[in-house]
Amino acid sequence: MTIQKLISVFFLQLLCVHVFLFDRTNAQSLRVGFYNRTCPSFEEIVKNTTASFISQAPLLAPALLRMHFHDCFVRGCDGSVLINSTSGNQAEKDAIPNQSLRGFEVIDAVKSAVENTCPSLVSCADILALVARDAVTLLNGPSWQVPLGRRDGRVSISSEALANLPPPFANITQLKASFRSKGLSDKELAILSGGHTIGISHCPSFSNRLYNFTGQGDTDPSLDPNYIVQLRQICSPTDTTSNIEMDPGSATTFDTSYYTLVRARRGLFEADAALLNDNATRNYVLRQANSSGSNFFKDFAASMVKMGKIGVTTGNRGEIRRICSAIN
């Protein structure tokens, strides 16, 4: 059995027994302007520090957006993805789905700048939520008001990341189950998938679609054959280092062309192609593709706010970490 199939089976098994309970009480305690009195310069510090990195390396923006997603889907949006492993515990950061995450230095720099002004007041979870918003905005994407007041979690376990994060080869049944378990609708699955309009991916995440889709040396019939030819020119069967833009030509511009690509069967991942295999997600893809994404920015902003409330820790629970990579 291939590693891809093993992960897929593991994902399905654990998802069935690890259904996430969306804690609406905690989510409702978040509010816009949470730090207005205690740290009024907080959001400006986050914006300026984030911009200083992304102006030099624009591809950090999609990486930071992805980091926020990976944080929220495991134990909720509590900053647990930022915690380093120790001799006694392998943390989420070192799980297979997270080993390609990057941009932790941005979060550390923002946290350091915030601590210099407002020590022990602002959580790493809130910082990550704001950084993700600012990263999207800096690539010409939408902006939104981020409800704040999250506390940082104290637990980070590698196996939970593997169990909760949908892999790039997930089918539509797996994707819908994953998002529904976090309180997100099928439509919001299609909306948040639009985040693939920015960023890059390494060849191993999709090369089976090009060379060995069913183990018989075949290609994925759901992928445009002409696109397969183009991708093969960059990714050999054993290539583990080359990068491909998920949205060719605009990997650092947040726009609506992702849906045009998916409609044309040029979504890079099986999970992108899977959106065409369900009425709700297909209808959203086609509506955005046919209207040049007329309401995508508004939808994406609203869905990010909702995602950012998944399983949050608030009140006196959790902690405010002094550094984001380790519990106090």
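Yeah, the Cβs are placed from backbone N, Cα and C, and that goes for glycine too.
Note that the structure is predicted; figures quoted are calculated from it, not measured.
Matching TrEMBL disulfide entries to the candidates Cys118, Cys124, Cys203, Cys235 identifies the partner of Cys39 as Cys118. The cysteine that TrEMBL pairs with Cys235 in a disulfide, picked from Cys203, Cys324, is Cys203. The recorded disulfide partner of Cys77, taken from TrEMBL and restricted to Cys72, Cys124, is Cys72. The Cβ of Cys118 has fewer other Cβ atoms within 10 Å than any other of the disulfide-bonded residues Cys118, Cys203. If you measure from the Cα atom of Cys324 (disulfide bond) to that of Thr197 (Ca(2+) 2 binding site), you get 28 Å.
Closest in space to His70 (active site, proton acceptor), of the disulfide-bonded residues given as Cys39, Cys77, Cys118, Cys124, is Cys77, taking the CA atom of each residue.
Arg66 (site 'Transition state stabilizer') is 12 Å away from Thr197 (Ca(2+) 2 binding site) when you measure Cα to Cα.
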